[in-house]
Structures are given as structure tokens and as C-alpha cells.
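According to TrEMBL, the protein has these features:
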type	residues	note
DOMAIN	274-383	domain 'DUF4218'
DOMAIN	530-608	domain 'DUF4216'
REGION	652-679	region 'Disordered'
COMPBIAS	654-679	compositional bias 'Acidic residues'
Amino acid sequence: MRAALLWTINDFPAYGMLSGWMTAGRLACPYCMERTKAFQLKNGGKPSWFDCHRQFLPNNHMFRRNKDAFYKNRIERSEPPPRLTGEQIWNIVQNFDKISDVEQLEIEGYGSTHNWTKRSIFWDLPYWRHNLIRHNLDVMHIEKNVFDNIFNTVMDIKEKTKDNAKARMDLSLYCKRKNLELPKQSGGKIIKPKANYTFTLQQKRAICEWVKELRMPDGYVSNLGRCVDMKEGKLYGMKSHDCHIFMKRLLPIAFSSEQIWKPIIELSQFFRDLCSTSLREDVLNKLEENIPIVLCKLERIFPPGFFDSMEHLPIHLPFEALLGGPVQYRWMYPFERFLHHLKKKVKNKAHVEGSIVESYLIEEISYFCEYYFNQTSIDTKQNDEGDDSIEQNLSIFNLPGCFAGECKTRYLDDKEFSAAMNHILINCDEIKPYIDDEQVDQFIEAEFAKWFKNYVHDPLNNVTDSNIHSLAWGPLRIVKCWPIYKVNGFKFHTRSHSSGKSTQNYGICVKGTGYGEYENDFYGQLNEIIQVEYTGLPLKRVVLFKCEWFDPTIGKGTKVNKEYGIIQIRKNRRYGKYDPFIIAHKAIQVYFAPHPMRNTKEKAEWWFVFKTKARGEIEIETTEDFAYQEDGTNQFNNHISNDIDITVDLLDTNNEDMDEDENEDEDDDENNEDEDQNE
């Protein structure tokens, strides 16, 4: 058996060590290489990738001719740097020495005409030059660094913001932004003018208070409340996955609507689409087309000192995704978790490496031997998958799931009994032929249960299946209730059970079952988990969720932002019809977040809705002609506009544009993220 090295997965500094092209300084980008347009800031002293992205735009793009918004008095006419093939790179490095052969010597021209430090040992592999990707750019660290730079600058965090005094001094050298330049003071004191892209202290505290109040499902993110410093108005100590969630989910509503924030939201959508668990070539081509525009729009807002190598690298990420596939197989999350797992094995600090090796070998041997033993028949928290080993009679009976918590019993009243029976009948696949009858369709909700019972027990109709007879009789009125239910990779809690907890597991979404022209998603809160049972043998059970639904009426109870697909529901409006039950297996978990700036009654009444992804599940839409995208590829934002108003002041921010865009359809594709990555 032979093994081949496909590629390396590492952070950006390690990229330079493994590839031989050092990822530091002005020539840090391993794709642009010596053809980069990055330059050294005179006052900041660091390399900047400001105005390096117009060359990636189409030749007729309006940004190329703009002399005022980018590097002053410059028109961009050059083409983007070519991407070198493995053969072309091999022709360059084949004459370099390997570090193992000689002492490390600086190659002539290092730092000015190239960044090569050595010939990597990987080039000794006969196939290495033919690999399309040899070293992966790590999306995890790039996303975290981009988020940190944006968030710290917008929140104006002292010593972490990229908008410092030196950045303002450089601004006058490279840009035409008189309103942001440092004014000359007679006493020698420098007063930095407030930028329109930074928050005031009051707004920063409002954001921190909002983050502190956020409640999300178990395992979705760490406790963000611990990262809040209300006094200073800042967030600190956020892990990579916290930044991942914030960038993809929370950033669009934290910085929503104003023209000046649109590039930030578009960047958030870029990372969200890029991190989908399945990708389509046309989607990636669109991302590669849009990301230069987004970066150029950011260049019109932030100073040159903001743009380090991390802000530049996203322009190459769609290309790598086209070649290498979803980022879940090429980023650092699983390896960071594995390193954390190894660190926990250290028992002897005097012999750290040996301690890790010894524990790891024992664990590996145990896993190997495990395959030669019969599976345990004892239900434990580790092996309980919710399979009661009960025969599945009809498609709706005895579906797998796992209850938890204290079991209680109660009786259904007449209204609940009728609603539950109707819902079970309508959602049973074996009953669909009866529902298709034109006469039945007219009275499906009010008369179907009664009609179906009479139809099944009429000997002239020749219905002989005992399970369908049991279904027609209806369930027992006595039911069992639990506070927790695990199904389809989701963990649901009732609303009362979640009271007082720092997590939120009671948000429910289900696709509408209307028989008219228009169908939409229903959003609600889980009040009760009920198991109903039918008479006769074998056992026939159905798990129902009793929910309180929000009003799905577009404009009154539900709003959808057309451009970004952000869904809002009015928290005080309820669905008028009594239809509280759904089959547990049809539920999708969502969570609700209030508006960060609840300074008006209108904003305080609305909640944002976020769908989550089932742990360990990759769904594929079979009824649509597009591939499933984790988190839902943004179907609204297929075109990135070039318009941006950079004169808007944040103090005048009025996020009412979010409420002006109403859509006739719910975003059915907003299905989660690979948000099972936990630090």
C-alpha cells in the first residue's frame, strides 16, 4: 500500500515554513508573489494591501477609473497577477538549496524581488509539482483575523483598532479624505476626528448588552456573555469559533442597513457562502467575481493601515474552493480540537511528549479492540440513539428519537385531541391517496378525521390494513410528556424547561402545509413535547411538538430583507388559527435574537430568526435545482452593487431599511451552518 500527500493544512505563518515562500512583509501573498501592489506605510511602518484589488475587477469597471476614493490620483489599468502552476514554481525553486543540505542562507533579492527562503522538501515528491493545491490557506484563521480587525476598528478598541493616529497620518499621504485627517493643533495635542464607521460609547455599550443577552442552542457557540466588558464597551477573549458564528450570523444584524455597513454585511455573506458544506461551481464563480468589489468598497471606507495580508487573502479563497472543495476538509478546526485533546492527556509535566504518546497509544489500542467485541445492550448516554427497536408499521409511527428529563402524563382535551388527530392523518404518507380526493380536499381540516374514520370502517371500501384501522380510530387521550427530545441531530427543550438557562433550544421552524398557491415557513416556540399512542399491537407511537406560532403574514408578522435574506418576526403577534401540533421529525431548530439597537418601539417589537444546522447532517434538497448550501447560500444577493454612500454618519444611523424590504417568499434555503465546530 502506498500513500500520497494531497496538501498541507496549516495557519499562515506555517504556510511560509512549509512552502518556502515566507508569508511576512510586503510580498507575503503566496499567489500574487512579487507581482503584488502592496506597499510599506510611511508612518505605520507595516505593509498595506490598500488599493490592491481594483486590478481584479473587469476592465470596464467604474472603480478602475476613480481617482478620489482609492489611492489618490491613480487609475488602475493593470491585469491581476497570474497564478503560477506547480511546474512554473518548480522551475524557480529547483536551483535553491534545501535547509537540510546547507546552513540557511538568505537568497539574493529576498524581501524585494521575492520571498523565497528555501526549496521545500515537499518538492522531492515526484508528483508535488502536479498538485493543483499544495498548501491550503486556512479559512479559520483568515476569517477570525478579518473579523477581529473589523470589529475592533468599528468598536474603536484602544490599542487594537486599525484606525489609530499613525493610520490617520498615512491617510493624508495616500487618500483624499480631508474629514478624517489629523488637524494641526497649536499646543501640539492631536485630536483624532471621529470616523463615520466607528461607534459611540453609548452604541458600543448597546452592542455589548445585546451580546450579553443572546441565547443560542446548546453546542452552537460558547458563552459570549463572558466576553463582554460593559465598562469599556468591548468584547474580549473570543475564540475562533465565536468569531466564526459572529461573522456569519450576528454581524449582519449588528451592522445592518446603512450604506456604509453594506460592504461589511456583504463580506459576512461571502464567508457564509464559502463555508457551506456543499458547493456549486457557479456559486463559487460568483463569489470570485464579487469579492474584489466587496474589498474595493471596504477600501473606500477604511484607512490604508486597515488592510494587512488577512484582508487581502479572501480574494484567493474562492479559487481554492473551486479546486479543493468545501473548506470543512481544509481548515484548522478539527486539528485544533485534536491538539486540545492531546493536551488534556499530559499527566507528567516533566515528560510531556512521552505522556501524550503513552495515553494516545492506549486510546488507539482501545478503539481498535472495540471492533472485536459485541455492542453493548445497555442504554447509556453514550450509545443511546433513541431507537426503541419497535417495529415501524406506518411511515409516521415509531420514528427514532430520544427523550430526556422527567416524564409526566396528562389527558388531551377535545380541542387538542381533534387537532392532534387531524395533523397525524394529514402527515401520514399512507393516507395521502385519500387526501388527494377532491371532495376531501375541500374539508380537510374540519371534516377529514370523521370522514376518514367512516371511510375506513365501511366494508364496501375494502380497507384491510389493521394499522390504518388503528389510525382511523385515533390515539388514546392519555399522553406522555417530556421536557427534552433529541431528533434528527437537534436537541429541543420546552420553553418552560429553558427558562432561566443561558441557552435557547425551543425555537421551531416548519414548512407551511397550506394547500393554496402560497406556502411559507412557520416560526414558533416549543411549549410541550407529547407522545401519543394508538391502540392495538404492535405498539404505535407518534411524537408531537405543541407550539405557539408567530404570525406568518408578510409585512404584519414576518419580514424578509430582499437583499440579504434576513428574516424577522413580530414577537407579539400570533397565528390566528388553532393548529399547535407538528410531527417532531419535521421540526427545524431556530433561535431568536432581539434587535441590538432597541431605541424605538418598532425595533423592540421584532426579533431576528436564525435557522441552525443539525449536528452531523448534510441535507440535500431534491425538489430544487440547486445544491444545498450550509447556512443557505444567499439567494437574494447574487449581485453586488457598486453604490456606496461614504458620507453617512453613524450617529444618524436608522436601521429602518431592514423593514422596508418585504418579500413574498420566505427564505427556505437558510439552512444552517456547519456550526457544530466547537472550540
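One is the number of the first residue shown, and numbering goes on along the chain from there.
Every residue, even glycine, has its Cβ placed from backbone N, Cα and C.
A TrEMBL annotation is a machine prediction, not a hand-curated record.
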DSSP-derived helix, strand and coil totals, residue by residue, for the domain 'DUF4218' (274-383): 72 helix, 0 strand, 38 coil
Average model confidence [pLDDT] within the domain 'DUF4216' (530-608): 88
Three-state composition of the domain 'DUF4216' (530-608), taking helix and strand from DSSP: 7 helix, 38 strand, 34 coil
